Amino acid sequence: MDFLSTFLIVLLVIALAVPGFALKKAKLLPDGASNALAVLLLYVAQPFLMVSSLLNKTFTTSLLPDFAAVALFAVVLQLMLYFLSKLFFVKVKEEPTRRICVASSYLGNVGFMGIPVMKALFPSDDTIILYTVIFNIVFNAMTWTLAVYAITGDKSKIKPVKILLNPPTIATVLALPFFFCNVSVPDNVLTTIGYLGDMTLPLSMVILGIRLADIKFTRLFTSAPVYGVALVKLVVSPLAALGVMLLVRLLIPVETTVIVALFIIFAMPSASSALNFAEMYGGDCDTAAKATLTNTLLCVLTIPILSLLIPLL
């Protein structure tokens, strides 16, 4: 995997935001367009992406130890990065800003951007895609618990039922029996599911473009906390995660594909869920929006640079 090919893949992904940006600037989209598209993204596109990523993939029991490793790393590394982020932003005085910086620093865009980017980077490696799906299951559970607490500081806001009753998780649970039993799904059904799932990346980027159009470009780069989030999320997080996994591999066997998959996953920019939760619970929406947008733009450079380490693993 060379720098140029990875750079072009990530650049083309970010370029999908241009239509949303242009249409919003041209006043061809109504107010609230991003919210309407976000509903389509959350309730239709992403669930079908999860399903299409599992169907007609070959399951063997030899995958179970790797799935367990991915799930365990997902929990441990996210907790580690959460506490690392808390230490990094301890001197930010405004509590809402500090909380959103912490959440944005460890919440990665695993679902909307992670799976499509992995498919583009590793088009012939179904195993890495499966690892990303497993990570996403754990990520969704921790998003509705740890992320809510990180933003609100109120344990009563955590709704355990949300761990299971969210569209991507429901879709994944429904698809898992087909995957584990190696059920062959007819091609025409799979094609339809694939079409709906493939909307995820374009939709998420169009929404990003719309939100980018609503913020003065210069404001993205005038906030010190936003730079801090970019540093932690795009550089410190993936390198720290990689370091921990390599240390673990010195003690017990860990498949290189597991390490590669998780390394790239942790290099993803901040998830829009940080902004969504800020809006839901009265957090610092301005910082959340700027952090998400800035990280997504900067990952055009950081992901290709970090990917240069992959051949060394």
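Just so it is clear, glycine is given a Cβ too, placed from its N, Cα and C backbone atoms.
Summarising the annotation, TrEMBL assigns transmembrane segment to 6-23 (among others).
The transmembrane segment annotation in TrEMBL covers 35-55 (among others).
Sequence-distant contacts of the transmembrane segment (67-89), counting only residues of its own chain at least 6 positions beyond either end whose CB sits under 8 Å from a CB of the stretch, comprise 98, 101-102, 105-106, 130-131, 134-135, 137-139, 142, 146, 150, 225, 228, 232, 236-237, 240-241, 244-245, 254-255, 258, 261-262, 266. Marked as transmembrane segment by TrEMBL: 67-89 (among others).
Here TrEMBL flags 101-122 (among others) as transmembrane segment.
Listed by sequence, the residues of this chain that lie at least six past the ends of the transmembrane segment (128-151) yet keep a Cβ under 8 A from its Cβ atoms are 50, 53-54, 57, 63, 66-67, 70-71, 74-75, 78-79, 82, 99-100, 102-103, 107-108, 110-111, 114-115, 118-119, 122, 157-160, 162-163, 166, 168-169, 172, 257-258, 260-262, 265, 271, 273-274, 277-278, 281, 283. Residues or ranges marked as transmembrane segment in TrEMBL: 128-151 (among others).
Annotated transmembrane segment per TrEMBL: 163-180 (among others), in sequence order. Beyond the ends of the transmembrane segment (163-180), by six or more residues, the same chain brings 42-43, 46-48, 50-51, 54-55, 57, 59, 111, 133, 136-137, 140-141, 144-145 to within a C-beta distance below 8 angstroms of the stretch.
Note on the transmembrane segment (192-213): residues 13-14, 16-25, 29, 33-34, 37-38, 40-41, 44-46, 48-53, 55, 109, 111-113, 115-117, 185, 272, 289, 292-293, 296 of its chain, located 6 or more positions outside it, place their CB under 8 angstroms from a CB of the stretch. The transmembrane segment feature in TrEMBL is assigned to 192-213 (among others).
Per TrEMBL, transmembrane segment is recorded for 225-252 (among others). Beyond its flanks by at least six residues, the transmembrane segment (225-252) meets 73, 76-77, 80-81, 84-85, 88-89, 92, 97-98, 101, 104-106, 108, 258-259, 262-264, 266-267, 269-270, 287, 290-291, 294-295, 298-299, 302, 306, 309, 313 of its own chain at Cβ-Cβ distances under 8 Å.
Marked as transmembrane segment by TrEMBL: 258-278 (among others).
TrEMBL lists 290-310 (among others) with the feature transmembrane segment. Panel annotation: around the transmembrane segment (290-310), residues 1, 3-4, 6-7, 10-11, 14, 17, 100-101, 104, 109, 113, 117, 121, 208, 211-212, 215, 219-221, 223, 225-226, 229-230, 233-235, 238-239, 242, 260, 263-264, 267-272, 274-275 of the same chain, lying at least six beyond its termini, place a Cβ under 8 Å from a Cβ of the stretch.
Taking Cβ pairs closer than 8 Å, the transmembrane segment (6-23) reaches residues 29, 34, 113, 116-117, 120-121, 201-202, 205-210, 212-213, 296-297, 299-301, 303-304, 307 in its own chain, all 6 or more past its ends. Counting residues 6+ beyond its ends, the transmembrane segment (258-278) has Cβ neighbours under 8 Å at 38, 66, 69-70, 73-74, 77, 81, 100, 103-105, 107-114, 117-118, 121, 128, 131-132, 135, 143, 147-148, 151, 204, 207-208, 229, 233-234, 237-238, 241-242, 245-246, 249, 284-285, 288-289, 291-292, 295-296, 298-299, 302-303, 306-307, 309-310, 313 in the same chain. Counting residues 6+ beyond its ends, the transmembrane segment (35-55) has Cβ neighbours under 8 Å at 111-112, 115-116, 129-130, 132-133, 136, 167-168, 170-172, 174-176, 178-179, 185, 190, 193-194, 196-200, 203-204, 206-207, 210, 272, 276 in the same chain.
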